[in-house]
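So that you can see what the record holds, here are the features copied from Swiss-Prot:
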ACT_SITE  CYS132  active site
ACT_SITE  ASP179  active site
ACT_SITE  HIS212  active site
MOD_RES   ALA2  N-acetylalanine
MOD_RES   SER223  phosphoserine
Amino acid sequence: MANEANPCPCDIGHKLEYGGMGHEVQVEHIKAYVTRSPVDAGKAVIVVQDIFGWQLPNTRYMADMIARNGYTTIVPDFFVGQEPWDPAGDWSTFPAWLKSRNARKVNREVDAVLRYLRQQCHAQKIGIVGFCWGGVVVHQVMTAYPDIRAGVSVYGIIRDSEDVYNLKNPTLFIFAENDTVIPLEQVSTLTQKLKEHCIVNYQVKTFSGQTHGFVHRKREDCSPADKPYIEEARRNLIEWLNKYV
């Protein structure tokens, strides 16, 4: 993802070689990757892609990790058939590319996914998790959908306007200290404004020494020094879902 005022490169990081536990389905007008929980507890989590798309193995790995913790997970194609960002692409064209993939205009897709989860997966309790571009989607959804019980926004760009602080349900925000995409000043502003305006539970957590994408685009076995932070962030994500979904 990139700063809204000045879009800039987002490194794809370590792309995992991962096949996945789930399968692809058609959900009304969009495709999606679905993984059923080994235990059907009536709980589901929507997992929202970053700019590299719904088929990125890293995102599917995260969805499967969540599924192993008792949730049916779904990774919808929120780009609705449009191409994801190509890591080898010309970054000068990124602002135009991003404009046609507005993370705050996804209600039609969210509504379709909610219908699918309730009708086909018998989900009664639903949460949402998103990374980078998907973190913005989570923030938007948590201000608009009171029936989504919990959200985790992982390094999503922050827009400073009154409506983004009116969260409907508990939301966890995860950031990286050395994120060149999201300045710490933005994180501080978010923290202060939530303190002033938000009436539901929330947490803003910044991980020391980490960079943009560390939770889902770093291989912990290749970065031993980062492994504790990656594991802690993933554990926090699951704990938040367990507590509020």
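Cβ coordinates are placed from backbone N, Cα and C, and glycine is handled just like the others.
In terms of Cα distance, the recorded positions that sit within 10 Å of ASP179 (active site) are HIS212, chosen from CYS132, HIS212, SER223. In sequence order, ILE230 are the residues of the chain that are 6 or more apart from the residue listed as 'phosphoserine' and have a CB within less than 8 Å of its CB. Rounded to a whole value, the Cα-Cα separation of CYS132 (active site) and HIS212 (active site) is 8 Å. All protein chains shown were included, and the count of other CB atoms within 10 Å of the CB of HIS212 (active site) stands at 24.
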